[in-house]
Structure formats: C-alpha cells, structure tokens
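Q: Following this message is one structure expressed as structure tokens.
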Amino acid sequence: MASPVVSLLLVGICALAFVHVARSECCTSRELVEFKMDRGDCEAVRAIENYPNGCEVTICADGVAQLGAYCGQGSCNIFGCNCDGGCLSGDWSQEFVRRNQQYGIQIIKVTRLPF
C-alpha cells in the first residue's frame, strides 16, 4: 500500500495532465469619445448629447458603441476575462469615424479606459 503523500502526488500529476494551457485575455478596455457631427443627431450612432461639446459615446476597439459591460466578441466572465471568441479588435476611434462617415464626425477628445 502506497503512502498517502505518494497517492496525493500521483493524483495531482494526473490532474495536471488534463489541464489545458490557459490564456485569459481580459476585454475591459474601452474608449470614451467626445465628438461633433455635421449631419444627424447623437442617437444615430448610439451616443448621448454632451452639451456644449456635441456628443459622447463609449466604444470598443471595433468602433461600435459598447454593448454590455465588456468588449468581448461573446460572453465574458464576471471580471471581463475569458470572453468567448476573444476581445473585439480594430482601430478604436478611427474605426468609429470610418463606420459613421455619413454623419461627418469630428473627434474632439478620446479617453482610453481603464487608464
């Protein structure tokens, strides 16, 4: 009969064999974009009015207004990590302007969050 220490060690080694390499990317970054529009209103791009500057929206890297708490392609855990499909990618505010070029958006200020 093996000692309890050896048995626990063998169980631990076997358990490690089933563990996959984990890479938990967190999708908590976002940008707060303040901008003016030549045409249309703030709601057209899912933004809110920010008087007197124009409009304000929080976007993900793909240039789309943030939906939900995080910027993952799919659902994320409660910390914004391990999102199904990884994080959204793109050129942030540049992508926002490209996607909404029909409104003549002029960026005033961009703040990346978290700092």
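Glycine too: its Cβ is placed from the backbone N, Cα and C atoms.
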Q: Of the cysteines Cys42, Cys60, which is paired with Cys55 in the disulfide recorded by Swiss-Prot?
A: Cys42
Q: Of Cys26, Cys27, Cys60, which cysteine does Swiss-Prot list as the disulfide partner of Cys87?
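A: Disulfide pairing in Swiss-Prot: Cys87 with Cys27.
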Q: Pick out which of Cys26, Cys60, Cys83 Swiss-Prot lists as the disulfide partner of Cys71.
A: Cys60
Q: Closest of the disulfide-bonded residues to Cys55 (disulfide bond), Cα to Cα, picking from Cys26, Cys76, Cys81, Cys83, Cys87?
A: Cys87
Q: Other than its own, how many Cβ atoms are within 10 Å of the Cβ belonging to Cys81 (disulfide bond)?
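A: Excluding its own Cβ, Cys81 (disulfide bond) sees 15 Cβ atoms within 10 Å.
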Q: Neighbour count first, Cβ atoms within 10 Å, every protein chain included; then name which of Cys26, Cys83 tops the list of disulfide-bonded residues.
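A: In terms of Cβ crowding, the pick is Cys83.
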Q: From the Cα of Cys60 (disulfide bond) across to the Cα of Cys26 (disulfide bond), what is the distance in angstrom?
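A: With distance taken Cα to Cα, Cys60 (disulfide bond) is 13 Å from Cys26 (disulfide bond).
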